[in-house]
Each structure stands twice: as structure tokens, then as C-alpha cells.
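Enquirer: The annotation transmembrane segment is assigned in TrEMBL to A:20-37, A:49-67, A:87-107, A:113-142. The domain 'DUF1468' annotation in TrEMBL covers A:20-155.
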Amino acid sequence: MRAIKIFWEEAMRVTDRTLGLVFVIAALIMGFMATRLPGGAPGNYGPDVFPILLSIFAILTGIGLIVRNSANQGTLKPLVRRVRLDWVRGAAVIASPIYAIVAMPTFGYSLTIFPVLVLLMAVFRCRLIIILPVAALCTIAIKYAFINVLSVPLPTATFLPF
Amino acid sequence: MSTLALAFDLVARWEVLLAITLAAVFGLFVGAIPGLTATLAVAVLVPITFHLDPIAAVGAMVSCSAMAIFAGDIPAFLLRIPGTPASAAYADEGYKMTLRGEAEKALGASLLFSAVGGLFGTAVLMLAAPSLAEVALKFSSFEYFWLALLGLTSAAFVSAGDPLKGLASLLIGLSASTIGMENPIGTPRFNFGSIELLGGVNFIAALIGLFAVAEILRYALKPSNNPHSVPQTSVGNPFRAWGKMLKTYWRNQIRGNILGVVVGALPGAGADIAAWMAYSISRRFSKQKEKYGTGHVEGIIESTSANNAALGSAWVPALVFGVPGDSITAIVIGVLFVHGMNPGPTLFLINPENIYAVFLIFIVANILLVVLGWGAIAVSKRILIIPRRLLMPVILAFCVTGAFAGNNNTFDIGVMLCFGILGFLMEENGIPVAPCILGLLLGEVLESNFITSMLKADGDLFAFFSRPISAGLGILTLIIWLFPLIRTVQALRVRRQKTA
């Protein structure tokens, strides 16, 4: 009896052909960049050798993905299930570390992490009455654990005297 | 008075036992925090050990590292954030068990087999230290090259469901490992002018990104796919469940222990590689291959047995020859020198009770692991009661802090984010992240040993098969490489015949 395969294709999924093509292009770029690296190592085994070998393997892998996609065409019919993505929440998660990179050296640890927690909890639809105390408590607890217990220095605000 | 009795006297003192217990609690705490490794836990302990006597100092470091390695499994299983690189090998397996309500079973298995693995490693350390160290020191760049390639191959072809996508993931990790100055002539490579990237990609930041940030992104982007919180079922008496697991999976445990001891004894290999290789081997030889990757306890058992066994055997080359087996033993060697216990063959001749005391400490630490570990599980599984919409922001805050804490710069937060997005996109397209992590971890080892071997052999590739161990490892690796290729060709041929 022939097995029936059902493939779930979600919102961010691309075909093996596209994936293989991306792989081949990225490998070609890496291989080209590797050839521009300075030589000078004994026996001609310089910093370019390993990346060039990797790019060759990556090109072969990419071609493998493309070939497999072509071989599977017609035999497999994917059942597409579109999942609705919540872009606002996703953007908030990506924006939080970016904000931390920019703000932490100036505002210090607490004034960076506290707003991040408040923003994320608000975007994730937590109740407002618990957001502020939980965010404050977590900021203090993480800071205390890292500074006092683990002896890891965390940045302080440059404009505050303490 | 016999040496063993003298050693027992050295250990059975309140200040030694107190140091071991406090260090164990500290190790549990550090290991459970994403981004902080067992090595960091031991490093933080170093200044304190200067005020302790030598046995208490070594005891503190042994118990701290054993606890930290186990504790890495707690966030890995509960939140999909591996506390240590060793836990990354089977993090997905444990996390999927948690999502099924079996967190207690997964963590219980990890705890039991960690302790048994640790005791096995200690037994080997006691009985075969000098002879095992001699074998380990015979490894040259050829053997290390094949060992690294075998580990990577196993991860890509055996542990990943789709070998081609596993290979793609591995190549992404290996490519990322080429960034920086760790290359044959120490020239900046693919750093795009960035000073921060001269030292390469921060492994811990990448690890946090690939696992934790990718998971948070998935939660944020797909709210309909995620449960509000994860209800858990209790396994009841943990000791009864352990008995059943020991009876069912005793082969996995023994195989994991042996592999862990062998890999751990090799200088530079350590618990991380042992765990990855054990997981791959477990999947390859399992009768229930199809269950791997869906939350199957078998993979956890073999890997966790291997990583804790490796922890003990990593001390073999450290104690016998003063050559560290991993980063933890490298720190310990320094502390031993400070306390006048110079590692080397003389350690077994002058005051041998000291070395036997170290062996006894290993046994005490592994027994303590069961007691404290169970307490840690009981406390930590309560995390799952917390609604995920409240938990996820706190985890992200921890991730940001953990990534920053490694090198004390905000650049690594960016590295974490980039790898988080990469991990999310990879998983959405069916590319497993585990081989990528291993590629990043072993890329530098693979390249340096490949280049060294090529220079030694003057470009002759047959030299890679000229030594017996090297040839054995090489042939094994090539068989694993060729196997999926043959299977794919056969499958294509069968399909063509059917359509024709």
C-alpha cells in the first residue's frame, strides 16, 4: 500500500529549490570572499583553504536541495496551512535586544531592562496591574543575581551619580 | 594506615563537606541560568578556593562543575534554553517531553543517568587513569581531525531527520566558525571591519539565540500555536520510575558511559562532544528511531550518561600528565599548582592520599547530585505554572543579560539576536539547529587539525589513513557519509521504476 504523505507548509516556509538557490548564492559569495584573503601561510594552507572547501560543500548541498525538489515535483502535493503571524509581537521581540544594545551603555542595566519587560508584557497582553510590579521585581532580581552572586558587572546609567 | 583511609580522613571533615555542598548549590544556580556555563561557575569559584585548603578547594570545583552540567538540563528541558553547550544536544528532546507534560520524567532521567555516568567516570578515573591517559596522548592532529569530523557527521546525518538539511545546518555553523582571527596565519577573516568579531562569533550568545530567542520569536509570531501554560503530569515516586528506566535502558546507559569516558579523556574534547556523539549513536542504534526528535527519553539517557562520565574522565590527562581534558580541568590545574599539588605522575607517588581524596570527592559530589538535583527539579518545574505571556519576556531579559555577561559588551546581544532570527527561519524551513551549534563549536578544531595534518603530510591525503586509530575513525566517518547517499540513490531508482 502506498503511503500518503501530508506536508504542512506554514507561513515562513520556502521550497527546497529556493532554499538550495539561496545556499548556492551564499556559498559562491563566501568562496569569492575567501579567494580575496591574504595568503602567506607555509605550504599554501592559508586562511582561504577551509572557507573554500566549505563553500564547495555548500554549493553541492544547495544543488542537492534543488535536485531533490525537482525529483519530488508531481509526486508530493503539499497541503498548505497558512498560519496567521502576529507581526506586532514579533517586531517587539526583535526590537527589544536592539533597544538594549543602544540604550544599555547610556541608561544602564535597570533603565534598559525594565522598559523592555514592560513593553513585551504589554504586547503579550498581560494585565496592567501585574506588569509593573513583575517587571520591577524581575529587573531587580536579575541584576542582584548577576552583580552580587555571580560577580558579573552590569552597566550603570552614565547620568546618575550611583 | 592505608592510603584510602588517609584519603577518607581528608574528605570527612566538616569544612571540606561544607565547601562541597555550598559549591554544589552554586553550581546548580549558575548552570540553570542561560548563558552561564559550568566553566564560568568554576572560574567564579577560583578566588574563593585560594582561602580553602587544597582538598576543600578541589572538592568545591568538582561538585560545582558536576552540578552545573546537570543544571544546564533544567532550562533546556523546561524552556528550551540549554544552560550549558552539553545540554544543547538533547534540549529539543526534553523540551518536547515537557510540552507533553512529562518534564518530571525527562528531568528525573537526566538526574539519575547524570549521577550514574558521573560515578562510572569516577570508577574509570580510579582504575585506569594512567593507561587511559597514555592512549589519549597518542592522539595526533590526524586523529583529532577525524574525531571532530565524526562528531559533526553524526550530528548532521544521524541525529537530524533529513540528512541534506542536517548538512546544510552544519555548513551554516562551520561557516560562522570561520569568522575571526582563529586561522592559520591569524589574519582577520570575514569580520567586515568589526573589532568585536576578531575573536570570532561568541558561542554562548549564538547558542542562546538559536535556541531561546528563536523559541520566543515563535511564541510571539504564532500566538495561536502556543498553549497558555504547560500542564504537567507527575511521575509519582521518582525512585520507582528510575528503576523502570534503568531496567529498560541499561544498554544506552552503559554505551553512553563508555563513550563519555573515552571522549572525555581526550584532551580538548570534553563533555560537549561526548553528549552530541552519544545522542547520534543512540538514535542510530535505537529500535524506535522514529520517536527521536518528538520527545523521547532514550536520547536523553544516553547523552546525559555520556556528558557526566566525560566530566570524570577529563581529569585523567589533567591529573596524570597535567594536560587539561577540557576548560574546567584547565582551571583546576591552575588551582592545583597554587595549592602545591602539581599535576603529573609524581602526584600518584608523593602524598597519594591527596589523589585518592579527589576520587572520593567525585563519589560524594555525584551522590550529592541526586539529592540537590531532585530538590532543584521540584522547585524549577513550578516555572511551568507561570503563564507563558509573562514568562517569555522574563526569559528574553535573562537572555539579553546572559549574552551581555559573557564578554561584557552589547555586541554579543546583537549576535544573539541575529542567531535567534536565523534559528527561527531555519526551523520554519525544517533545518535542524543542533548541527549548526556543533559546527560552530567544532569548526576551529576541525580547521586547525586539518591544516596541521596537511602541513605534516605535505599535502598527501593518504596520510590521514596512515595511523591505525586515524584510519579506523576515517573509515567510520566515510561510511556514515556514503550511507545517506546510497539510500537516496536507491529511493530515486525505486520511485522512477514505480512511475515508469
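Each Cβ is built from the backbone N, Cα and C atoms, and glycine gets one as well.
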Enquirer: Of the listed stretches (A:49-67, A:87-107, A:113-142), which one yields the highest count of Cβ-Cβ distances below 8 Å with the transmembrane segment (A:20-37)?
Expert: A:49-67
Enquirer: Quick one: do the transmembrane segment (A:87-107) and the transmembrane segment (A:49-67) have at least 3 Cβ pairs under 8 Å, skipping pairs fewer than 6 apart in sequence?
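Expert: No; fewer than 3 Cβ pairs under 8 Å.
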Enquirer: By DSSP assignment, list the helix, strand and coil residue numbers for the domain 'DUF1468' (A:20-155), in that order.
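Expert: Split into helix, strand and coil, the domain 'DUF1468' (A:20-155) gives 100 helix, 2 strand, 34 coil.
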